[in-house]
């Protein structure tokens, strides 16, 4: 590869990464305009919020739902690989970021917040802080980059481990969250409420 080819490739990748950063910034601005709180109303930021049905859940840097966002990264890497195989990795990341950011905006809309509160165990859920939502997107990116480098089998094993572990500890995970959001099962809601 010539020096000119390398320079072109670096500039091309830089374009895609700047576009990725722009999506994250747009997500943050949109959530601010939606009236989301920047950080936890408690006034401080924690690295980890271990409570599930607490006022601090979905308000700090990470929580029990962080593994779900890492799994999003695994899944979105796979999707990008399938439909954008010939595009640079950063272009596939842009697709993943657009999906994740779109989900974060939808998740923090009154429609989905109300749905969570009526159909799932998240009775006191009032939406994510902007910081938590942005970090959810960053964790998705970490999952994406992990999936891009790790063997598929390892990525699948880690996803299964995350699902089983969080399901056991907090009685919720990505699979249950999606199920309860789309097609609530009363028996699961009762089981989750027993935590």
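Each residue, glycine too, has its Cβ placed from N, Cα and C.
In Swiss-Prot, the feature transmembrane segment is placed on 64-84, out of the ranges 43-63, 64-84. A Cβ distance under 8 Å defines the sequence-distant neighbours of the transmembrane segment (128-148), meaning residues of its chain 6+ beyond its ends; these are 20, 24, 27-28, 31-32, 36-40, 45, 58-63, 65-66, 69-74, 76-78, 80, 89, 92-93, 96-97, 100-101, 104, 107-108, 155, 158.
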